[in-house]
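Over in Swiss-Prot, the protein carries these features:
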SIGNAL    1-21  signal peptide
DISULFID  Cys121-Cys292  disulfide bond
ACT_SITE  Ser205  active site, nucleophile
CARBOHYD  Asn238  N-linked glycosylation site
ACT_SITE  Asp352  active site
ACT_SITE  His386  active site
Amino acid sequence: MFPPLWKFTLLCLFLLACTSAEVLERSSKPQTPDKDPFYDPPSGWEEKEHGTILRSRKVDIAFFQIAKVKYKEAYEILYRTSRSEEDQPSTTVTTVIVPENAKKDKLVNMNVYVDSNGARCAPSYVLQRNAKLATDPALSYQQVLFSTILDEGYILTVPDYQGPKRAFAAGRLEGHMAIDGILATLNLKELCLSKDTKVIGYGYSGGSIATGWAASLQPSYAPNLNMVGWTFGGTPANLTSTLEHLNGGTPAGFAVSGVAGIVDEYESVADWINDKLTHKGKHALDFVREHCTVGIVLRYPFTNILSDSFMKHGAQLLQSPIMKKVLGTLNMGVRPDETPKAPVYMFHAKLDEVIPYGSAHDAAKRWGDHGADILFEEFTGLVMGHASTELLNLPNVLLFMRDRMSGKPFIHGYEHKHTDNPLEDPGVIAKGFDALAETIKNAIDNTVGMGDKHMKAKIEQSRRRRIVS
């Protein structure tokens with residue numbers, strides 16, 4: 001059974017809505033990663049093994065940067081990691097949250113969706129108490145998920161998986177940084193975790209890029225990790241099809257952020273594109289590098305990144321040899337030697353308006369063909385929007401985590417399941433998730449709305465205001 005979280009959740013959601021553009025004046029405010037010396041690695045860091053701790057500190061965590069969260073202790077770890085290639089050293093930070101009832105042999109790698117490029121969007125900053133109140137619900141919306149997993153007694157490690165350049169959508173980089181965040185957490189002496197600690201990786205939407213690639217790369221990059229499962233949904237498994245799907249639509253701002261992330265990670269793309277961007281295109285990339293999700297999505301609805309107003313000969317953006325070469329390496333499930341070894345539970349709404357369903361399904365099927373044990377659940381209900389699906393499916397995610405942590409058997413091979421609404425699934429209802437289901441429904445109704453109707457309306461209102469002004 002679960003504690004009655006809904007009152008606290010609704011209060012926080014209300015405060016978030018009422019103070020979205022305000023700064024809470026408090027003492028001892030943390031600094032953003034681009035200004036905080038904690039993020040600057042010590043000399044000689046490049047020679048360290050990936051996953052090596054370079055620096056750590058205790059921090060005070062608060063969801064929504066307002067309310068004190070029930071937890072025993074929290075740490076930030078600066079660690080050595082890799083960019084897209086293993087021989088490209090880098091560093092980043094993960095935030096470790098230890099619940100009061102911590103199970104010292106169970107760890108969850110939680111890759112929250114950042115979906116943006118600004119320094120102040122990094123989880124390690126936004127999660128800290130007294131940080132500026134984020135205008136984005138990316139972390140705040142996942143309040144129920146954080147609380148529920150912590151209530152299970154699982155230690156959380158939440159990496160800044162986009163790295164110091166905040167390279168959103170650079171999947172291989174994100175996968176390496178997520179894996180090394182796990183290694184660094186296991187190496188933190190204060191936690192006294194065993195190397196045999198059972199680990200599960202989770203991510204949704206932009207966070208599923210990190211999780212999906214971590215699942216793919218872990219068997220070769222960190223084979224000694226005791227991964228017992230991966231679960232992710234709303235997955236941009238094929239970056240080319242995702243950018244094409246987003247382009248010109250309501251959530252086109254994500255496409256702008258994705259292009260900026262690829263440009264900032266791949267020098268070959270930067271060299272090719274920088275003299276081709278128009279003033280509008282350059283301004284757009286500069287804007288997303290300084291802002292977070294909501295600001296970006298509200299600023300760039302219906303933007304066409306394949307137009308000549310964005311880039312000279314804009315239609316060539318995704319078809320140029322340089323771009324095709326890079327994007328071709330960012331499709332999940334293509335290489336048989338990049339197949340998850342631990343059980344995978346993957347889920348996606350059939351009517352997802354942000355991330356194309358077909359690409360995610362194709363990746364899951366290919367992984368199955370390559371030998372992965374994978375359950376792919378397709379949600380067909382009209383209320384299953386991109387944003388709302390994550391919370392609506394929380395009971396299934398939690399059941400998967402419980403079963404993997406307890407060593408229960410999983411399916412062999414590939415299995416495809418069809419469900420209308422997970423909260424109405426008899427199997428979920430039978431598990432006694434009544435209180436959690438009520439929390440989820442209230443949280444969705446007060447944020448994005450069922451089928452994401454509130455979120456879509458807000459974007460449309462912003463677009464109309466921009467036209468008028």
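Backbone N, Cα and C define each Cβ position, glycine as well.
Location within the structure of each feature annotated in Swiss-Prot.
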{"residue": "Ser205", "record": "active site, nucleophile", "contacts (Cβ under 8 Å, 6+ apart)": "Tyr113, Asp115, Gly233, Gly234, Pro236, Val354, Ile355, His386, Ala387, Glu390"}
{"residue": "Asn238", "record": "N-linked glycosylation site", "contacts (Cβ under 8 Å, 6+ apart)": "Asn331, Met332, Pro356, Ser359, Asp362, Ala363"}
{"residue": "Asp352", "record": "active site", "contacts (Cβ under 8 Å, 6+ apart)": "Gly234, Met384, Gly385, His386, Thr389"}
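Neighbour counts of Cβ atoms within 10 Å were compared across the disulfide-bonded residues Cys121, Cys292; the minimum falls on Cys292. Secondary structure at Asn238 (N-linked glycosylation site), taken from DSSP and collapsed to helix, strand or coil, is strand.
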